[in-house]
Amino acid sequence: MAGATANASIKGKQRPPNKKLNRGPWTAEEDRRLAKAVDIDGPKQWPIIAAKSGLNRCAKSCRLRWMNYLRPNIKRGNISDQEEDLIIRLHKLLGNRWSLIAARLPSRTDNEIKNYWNYHLRKKKLDKGFNDVGNSTRDMGSKNDHKNEEKNIRANSSNGGEEDEKATVDDVDDFFDFSNENPSTLEWVTKFLEYSG
DNA sequence: AACAACCTCAACCGCATCAGA
DNA sequence: GTCTGATGCGGTTGAGGTTGT
């Protein structure tokens with residue numbers, strides 16, 4: 001959807017207005033004000049940003065809008081085959097840890113990947129008749145998904161002794177903690193996954 | 001043209017975790 | 001050690017666009 005910025009939103013959920021705070025779709029003007037506030041204060045201190053910008057929106061809402069829409073370098077729509085393949089593979093490894101998966105896909109947001117998975121890929125898998133992944137949001141719906149996934153990873157690893165348990169979980173987290181992102185990562189991870197899976 | 005089914009995606013909610021007082 | 005507010009994450013909802021009949 002073309003989404004693009006300016007029209008932030010004409011779409012989206014319309015809910016009964018809260019007594020005080022603005023809710024629902026963001027307007028272009030709100031976007032502009034939020035962007036300005038973030039420019040000044042940085043993408044942290046959301047309560048301050050929310051207050052300063054005079055948007056009458058909660059901090060959470062401001063943060064979400066920034067993270068999923070206004071943040072620079074966000075790529076929208078048109079998930080490529082390569083990206084889709086990567087999502088599938090990463091999901092197999094990580095489960096519903098969208099933020100981690102998103103971190104491996106430059107310029108994609110966790111929300112976008114989650115949306116994409118929830119409909120697109122889930123449907124694909126169902127069509128193919130597999131349930132092995134079993135992490136589709138509606139059937140699992142648990143925050144412990146990733147923990148289960150980690151358990152699976154542990155279970156699949158040869159010697160899952162008590163002692164190694166936490167280490168393994170940490171290893172997984174550490175392994176996927178690519179805090180120093182660079183453009184070649186996608187390629188690197190893709191290559192790695194070719195071997196792993 | 002009208003309607004229904006399908007699809008997309010922005011935005012909300014609730015909960016967990018973290019950090020500072 | 002406990003409390004509290006901030007932050008981050010995953011699940012879910014539902015409006016609106018698109019496509020098919």
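In case you wondered, yes, glycine gets a Cβ from its N, Cα and C as well.
Since we're looking at a predicted model, the values are computed, not measured.
What TrEMBL annotates here:
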REGION    A:1-30  region 'Disordered'
COMPBIAS  A:12-22  compositional bias 'Basic residues'
DOMAIN    A:18-70  domain 'Myb-like'
DOMAIN    A:18-74  domain 'HTH myb-type'
DOMAIN    A:71-121  domain 'Myb-like'
DOMAIN    A:75-125  domain 'HTH myb-type'
REGION    A:130-167  region 'Disordered'
COMPBIAS  A:140-153  compositional bias 'Basic and acidic residues'
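Over the domain 'Myb-like' (A:18-70), the average per-residue pLDDT in this prediction is 85.
In the domain 'Myb-like' (A:71-121), helix, strand and coil residues by DSSP number 33 helix, 0 strand, 18 coil. DSSP states for the domain 'Myb-like' (A:18-70), grouped as helix (H, G, I), strand (E, B) and coil, give 33 helix, 0 strand, 20 coil.
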